[in-house]
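Have a look at the structure below, then the notes.
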């Protein structure tokens, strides 16, 4: 390289030298060359002393360019003091480094760099590393978040639910005593405490050794003397220790109160209770109501005694399950009444030149209860269109018959009800409770207000009729038994035929008629019939005797016997007060004696 530099400088010197002069006798051409003998002269005599200086200058410049610049600044180390301030270092020079604070020498690595022939410092690998702080350790009842332990890193602390942090939330790894360490003390977690629970009047709460997070206490009211109204606990009976946004302990809510709460006995007109039969009602007592048949409830069926001595929701009412007359515009209701029972149907007929949107003139609607009618449209009125067919409602289609909902007493249409029907429409009918459908439930409109099969009817259920008949039979037999015992029994003993008739009735009601005892000598059913016939005959005889025993019929007691026994019509005698035997099998109805006139003292049955 030195030779090349020298040649370069020599070339430069030649290029900068003055142009040669032509000696005498020579001719200088336009190109600058000389022609002729001894055409070119050598350098001028003044340049000869300068040539050695130029050669030495070129050699010195070559030596200055063969050096390394100062090493680059390192983040983890710095040059020793003696090497600082030098701008260049010859090839082969060595420099030494020291690790910066917070860093330490990597074992096995050199702190010296050398300037190589390529004018680069070597080696290039890192020879100092960061110092590390000790791990802060585990945090009891908390969490430590450490991303790194090197110089400058941080550690963050937090506590689990129910605990709060005492100390610094964050620490940093810093230089300390020629090393590194955490800049602050490590924090700790403690359980969140609460103040003692508040006391209440007329009540008390459970006790605890200390009141910390999640500790619960229960309240109860004090007892009262017998005959006094008890205290009611109003509010939540349990509160617990929790925390706010600042990790301070607070109670979950206010404490309850102990007060006397008394609600009046609720009554519902046309309704009755089905639960909550109490003599008095206190806080949170509840009652359930239902309405009588034919009434519906307005309000809630279950109410509770509130803390302000009132019922919540308010006491319901039971209103008659009826409908008022439907409001019809441009039409009339047939039949028109002020009140309609549930299930009753009426026809709504439009006025002249008025019709329903489908062209029909009338529809049938039913009272659905609770003041609600089944749907029906409004009658629309307008002048008849020119050329319209007489007798055809505006908007109707000639040749297509439309019909209305049939009237079903004690029943209703449950599926398919419309204001009007066209051929092919189907509806489904059902009866109200206690009634039986006579006919098909589903019928189809055939046109001309005709349905196929025919419109069914709702008849009183056979079960209901049977119950009514049973009640009538029971009443008749009981009346017969009472009358027979009153008029024909002398000592209060029930006659055998009546007893057997009553037993027959009881067994028949229980479905065990075959269990009634039978024998060949006494037939119980004819005996019961005989009793009824005898009763009827005796009643007529009684009336005749009363008429014969009037005072005018006995002017004197002449001819009357004074014996203590009475003559019987059959010629025998009956002791005073002895009953006449009318048991079954003794007399047939046609053999009973005809009424006779006797002396008052000879009447053998004074009760007749």
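Any Cβ shown, glycine's included, is placed from N, Cα and C.
Ranges compared are 385-409, 410-434, 435-459, 460-484, and TrEMBL records transmembrane segment for 460-484. Neighbour density for residue 318 (disulfide bond): within 10 A of its CB lie 20 other CB atoms from the protein chains shown.
Counting every protein chain shown, the number of other Cβ atoms lying within 10 Å of the Cβ of residue 431 (disulfide bond) is 22. Of all Cβ atoms in the protein chains displayed, 21 besides its own lie within 10 Å of the Cβ of residue 458 (disulfide bond). Helix, strand and coil counts from DSSP across the domain 'Sushi' (66-130) read 3 helix, 27 strand, 35 coil. The two recorded residues, residue 318 (disulfide bond) and residue 431 (disulfide bond), show a Cα separation of 24 Å. Cβ-based neighbour count (10 Å, all protein chains) for residue 291 (disulfide bond) stands at 21. Per DSSP, the domain 'Sushi' (192-260) is made up of 0 helix, 26 strand, 43 coil.
Rounded to a whole number, the C-alpha distance linking residue 291 (disulfide bond) with residue 458 (disulfide bond) is 25 angstrom.
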